[in-house]
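Asks: Handing you this structure, nothing more for now.
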Amino acid sequence: MTAFTRFAHSRASWLILTGSAIALEAAALYFQYVMKLDPCVMCIYQRLAVFGILAAGLIGMTAPKYRIVRILGALGWAVSATWGLKLALALVDMQNNPSPFSTCSFLPEFPAWMPLHEWFPSVMLPTGMCTDVPWQFMGVTMAEWMVVAFSGYLVALLLFIVPILSGSNKPSLYK
């Protein structure tokens with residue numbers, strides 16, 4: 001077993017994934033509450049995608065020696081990062097090509113059985129407009145930085161997918 005595979009089978013790798021998602025969520029709340037930047041609906045959906053990555057990291061951390069746990073974590077990681085990238089690209093398009101016919105809604109469209117914007121309004125209630133660009137760093141908007149972040153998550157997943165799916169030296173169907 002290579003060092004890379006051992007790392008993919010360790011809690012440390014999943015802890016790094018979880019920690020990076022926590023850092024992004026903390027940054028989002030810093031922008032919202034300290035810098036007073038209002039999140040739009042697409043921003044809220046991207047927050048949810050980051051929470052999905054956080055959940056995937058927690059799943060992987062529970063028992064990373066077992067292949068089934070790593071596969072479930074990787075599946076959550078892939079779905080959340082792909083969905084987040086799709087949302088970030090759509091937001092970049094809205095900001096770069098504003099149109100009165102293509103706008104985002106004022107309220108998120110969560111399922112009726114899970115109205116996150118009502119349960120957690122301080123984190124999941126949008127208050128901004130999607131076409132606003134209130135912040136840039138090095139000439140790159142927040143939406144464009146999220147494209148970088150979600151792309152980074154997908155590149156990391158591509159690097160880790162083979163070691164994640166590989167078994168250990170122990171003879172077992174699940175390891």
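Glycine is no exception: its Cβ is also placed from the backbone N, Cα and C atoms.
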Asks: If you follow Swiss-Prot, the disulfide involving Cys130 connects it to which of the following: Cys43, Cys104?
Replies: Cys104
Asks: With respect to the membrane, does Swiss-Prot record Lys36 and Leu165 on the same side?
Replies: no
Asks: Which site among Cys43, Cys104 has the most other CB atoms no more than 10 Å from its CB, taking these as disulfide-bonded residues?
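Replies: The largest 10 Å Cβ neighbour count belongs to Cys43.
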Asks: Go through the chain and flag residues at least 6 beyond the ends of the transmembrane segment (49-64) whose CB is under 8 A from any CB in it; none is fine as an answer.
Replies: 8-11, 13-15, 17-22, 24-25, 28, 70, 72-77, 79-81, 83-84, 87, 150, 153
Asks: Counting all other Cβ atoms within 10 Å across every protein chain shown, which of the disulfide-bonded residues Cys40, Cys130 scores highest?
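Replies: Comparing the disulfide-bonded residues Cys40, Cys130, the most crowded Cβ belongs to Cys40.
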Asks: What is the three-state DSSP composition of the topological domain 'Cytoplasmic' (65-71), stated as helix, strand and coil residue counts?
Replies: 5 helix, 0 strand, 2 coil
Asks: At the level of the C-alpha atoms, what whole-angstrom distance separates Cys130 (disulfide bond) and Cys40 (disulfide bond)?
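Replies: Taking the Cα atoms only, Cys130 (disulfide bond) lies 5 Å from Cys40 (disulfide bond).
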